[in-house]
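Summarising the annotation, TrEMBL assigns domain 'Major facilitator superfamily (MFS) profile' to 27-478. TrEMBL lists 20-40, 82-103, 115-139, 169-189, 201-223, 284-310, 322-343, 355-374, 386-406, 426-448, 455-474 with the feature transmembrane segment.
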Amino acid sequence: MAGGGFAAAQGDGRKYEGGVTAFVVITCLVAAMGGLMFGYDIGISGGVTAMDSFLKPFFPHVYKKQHGNHEENMYCKFDDHVLTMFTSSLYLAALIASFFASATTRRFGRKMSMMFGGLVFLGGAILNGAAVNVAMLIFGRLMLGVGVGFANQSVPVYLSEMAPANLRGALNIGFQMAITIGILAANLINYGTSKIKAGWGWRISLGLAAAPAILFTIGSLFLPDTPNSILERGNHEKAKKMLQKIRGTNNVDEEFQDLVDASKAAKQVEHPWKNFTGRKYRPQLIICTFIPFFQQLTGINVIMFYAPVLFKTLGFGDDASLMSAVITGVVNVVATMVSVYSVDKLGRKALFLEGGVQMIICQVLVAVMIGRAFGTEGEGDMSKSVSSLVLFLICAYVAAFAWSWGPLGWLVPSEICPLEIRSAGQATNVSVNMFFTFVIGQFFLSMLCHMKFGLFLFFGGFVIIMTIFIYYFVPETKNVPIEEMNQVWKEHGFWSKYVSNDDVTGRTSSSP
């Protein structure tokens, strides 16, 4: 078995001159606002679909099922594929958009992809807020999906390229922090708009998605492009000046030479997608595919999308279900701060492994408690104390995800790919993530109806598999400069056979 995962943690990689500057922090904070769009949308859809004022005009059959036969199976009250299409259609659009975003990011720079994503997302938010039928809702969601696809393609790459190696984890996790803040904001807004008696609160919830889109779009107008991206388009002098500016020193020759070498290697690659599937890049291909796949199979989006619906299904009242979603949103934000603080100290791998173990324990206990309360028939109820314990366990599960698979699922794929395949690698990461987000979003309520409490055991089983995968196949990348990542693969017990000595020395032979 390949047990060399920790090999690179101590060597850490070459140290460049300069450090973090206020300019880098500000640009990374602005770029990370793309996560606000994604997070707000994740949080808003579940709350809106739990509102009677939304269900009654758009999904009357679901509304009747809820308020009709009270003896009906509790697991199946929200089982409706048109309703789930409202949530999941966004991620299908994001999947397709991510491939176009890859070419745009590579040819026109990360900044242009971010601007375009923000503008399209803005249009979708306006359409959703003004919707009068299901078709308008779905079309608006598709536009939101295009915006998410472009933002999620460009922002993590932008953050990884702007940040110095020793703070790359913390600054990149700004994207995940923005996602969690967006989810929390959506939960709070849903709680407030659900109180509007006139029945149009859902329009405010959906329409306010325009706010993070406006912030992101305007912010991206003032962002500089990364030195890597500028080099990729052939402007060496401008790229060096930008590197000096973001590192706060004129002595950037060593780092700049590594970027130039990487850019030359990238230009020799005419077909990045074809190269990405070759043996030389097998480690990146596997990790950029399996990490987003596993991230969704943690089951987290069951909680993030459908928290109010899930809590309502478990017997929480309307207000209690929305407030419970707010509580999990607060936990999500606080736990992500833990990751920001610890990712460049403890490393990626330790957080992955601890988070995995904690999620497994919580999912098994939640399954047992729901099974005891509702059985396989979906009939019964929970006492207040049991409901409170279920909420605590779900919060502990959310916390574990928020300091492990949540941020690291975006960070690790964005930092392991050399420049010549970086856009292809990130497109793979986003598209796999969006595809399985779509699958979970579309079929969760049906899976809950058919698998009942066993659904939590289903996700728990995948968390066991993914934790084993991390232990054996994902190396530590803490403090390693992006352009020296091949050394990590060469020192790994399993991946070393895919990386030649030339792949390692070729990056550094031109450096002074």
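Cβ from N, Cα, C; glycine included.
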Exercise for the section: Flag the pair the transmembrane segment (355-374) / the transmembrane segment (455-474) as in contact if three or more Cβ pairs fall under 8 Å (sequence separation 6 or more). Expected result: yes
Completion exercise
Most Cβ pairs under 8 Å to the transmembrane segment (386-406), of 20-40, 322-343, 426-448, 455-474, goes to 322-343
Fill in the blank from the handout: In the same chain, residues at least 6 away from the ends of the transmembrane segment (455-474) whose Cβ sits under 8 Å of its Cβ atoms read 1-3, 5, 286-287, 290-291, 294, 297-299, 302, 348-349, 352-353, 356-357, 359-360, 363-364, 366-367, 370, 405, 412, 444, 447-448, 494-495
Practice task
Please check if the transmembrane segment (115-139) comes into contact with the transmembrane segment (169-189), where contact means 3 or more CB pairs closer than 8 Å and the residues in each pair are separated by 6 or more positions.
Solution key: no
Problem - the domain 'Major facilitator superfamily (MFS) profile' (27-478) [mean pLDDT, rounded to integer] - result: 85
